[in-house]
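Student: Pasting a structure below so you can have a look.
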Amino acid sequence: MELPISFLSDSSRPAASSERGDQAALGRGELEFDEELVFLAAEGEGDPEEIEGPEVREQSELLCIIRQKEKDLVLAARLGKALLERNQDMSRRYEEMQREMTDKLEHLEQEKHELKRKLENREGEWEGRVSELESDVKLLQEELEKQQVNLREADREKLSVVQELSEQNQRLLEQLSRATEMERQLSQQVNVLQEEFREKSLSTSQHVSRLESLLAEIKMLSDRKRELEQQLSTIMEENEQLQGLVEELQDKELSLNQQNFGKDLQLRESQLEIEEMRLSYRQLEGKLEELREEKSLQHMNSTSTSLLSEIEQSIEAEEQEQEREQLRLQLWEAHCQVRSLCCQLRGNESADSAVSTDSSMDESSETSSAKDVPAGSLRTALSELKSLILSILETCDSASSRKCEDDGLEEQIKQTSEDSRALRELLQGEQMRMKQTFDELQELHKQVTLLSVEMNALKEERDRLLVLTQNDETQEQLMKAIKDRDEAISKKTAVELELAKCRIDLMSLNTQLLDAIQQKLNLSQQLEAWQDDMHRVIDQQLMDKHQKEWSQPAYSFSNSHHVKQCSKAAAMKHAERPGEESIGAEGRRLFSFLKKTKC
């Protein structure tokens, strides 16, 4: 009984180790088979021991052995059959898995070959770029070395120039000490000449004081001139204003004269008309008196008249009435004329309306009776005419008074013009004085120029004495020393400029080199990041494929392993960019591990 169970356990171990995917299904069959074996063993052990005796026991033991052998044979047959079926299933599944594995391996080999080709292309490109950058860096390093060599040479030249300049400075200091001694001697001579010059400058100081006094007088006169010019400008403005007033008054006077002339003409016409009216009035009064006398005579002779006389009287009465009507009409016309004259003299706007009313009244008076004419209307009109004439005469008197005022203004203008003339004369006098002072200043200027000429002559004499006192050799040495110093200073400035240019070039080259190094670092970082990304992609694909392969056999083993792999994949997916170096290292380790497992 123990041999088949051990055989089963030994045979199940390689199957479980080789094919993990079908472990659950096979485990169920093994459990059923074990249960049957246990059941058979229990049946064999549970036989009754009621038969007594040795023979019976032997027979029973033989029977038990036979039965046990039969059972073992049956079990062996069943087990062989089960094992054959299981081996067939396992071989079939193994062939299928082997096919799938070969297909997947071919696919992975193709992908691996493509990725290798891409990686080689990219590596070739980056190597070319890196080689270019390295060549650029080499060129820049060579240029930097050249610049450093040039700088060293420039420093050497600078040191040599500084040494030469220091030697020249020492020489110049010696020459300066000699020159100071010469200057002391010359200063003594200059002091002597200065004393002589002071004696001559005393006379010039007197001239200068006189010039200052004249300048003060000129300032006073110029101030006076400005004040007079201001007064003249104010007077001229007032004169212009007065001239404007005079012109306005003259215009007003002309207009008033024209009005007076027109009114004089109107007065003359009105006076002539009044005289004519008076003559007509006297004639009318004479006619009225004659008519009254005739009337009185007719009343006296009325008693003694006859029919013929009555007829004649009636005819005469009609004629008298006609004459009276004519007289009344003439009186009315005279009244209208007087009223029109009054209206013209007043200058009212209602003159036209009055004339129109008068004309209408004339027309109505011709048709109406003579009783409509007022009794004292002519006298009132004449009185109005007299009052108007008196008012016109008064206006003429006022115009004459205005003329007197205009005459006064003209006199004031004449006085202002005389004052302006006097001011102009004063200005002319001041200008003459200014000219005199200017002439005096010119004379003083001439004297000053003469003094300056004398001073120049004295300076020339002093220079001549200095030239005589100085030695020709010392002067030449001084000139040479000054020239050498100037040349050394110019050389020093040129060298400093060249050094500054070299420093600027070196700084620019350093910046270019730093930029190139920075670009190289950036490119190397990009290349590393790209390599890490490629490794990560390859690792991810390989891990996915292996997970698919491992998930097909036994589920009990693959569950825990699958969970671990999923957690690793999730951790790799959710990893951030800043940790690229650690992720790349882990990916490389996983890639090497997977390669080893694959081999």
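Just so you know, glycine gets a Cβ as well, placed from its N, Cα and C.
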Student: Need the matching range: Swiss-Prot marks motif 'CC1 box' on one of 76-80, 211-215, 466-470, 526-530, and I'd like to know which.
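Tutor: In Swiss-Prot, residues 76-80 carry the label motif 'CC1 box'.
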Student: Given 88-111, 352-375, 544-567, which one carries Swiss-Prot's region 'Disordered' label?
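Tutor: Result: 352-375 is the stretch Swiss-Prot calls region 'Disordered'.
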Student: May I ask you to indicate which of 1-27, 28-54, 136-162, 271-297 is given in Swiss-Prot as region 'Disordered'?
Tutor: 1-27
Student: Using DSSP, tally how many residues of the motif 'CC1 box' (76-80) sit in helix, strand and coil.
Tutor: 5 helix, 0 strand, 0 coil
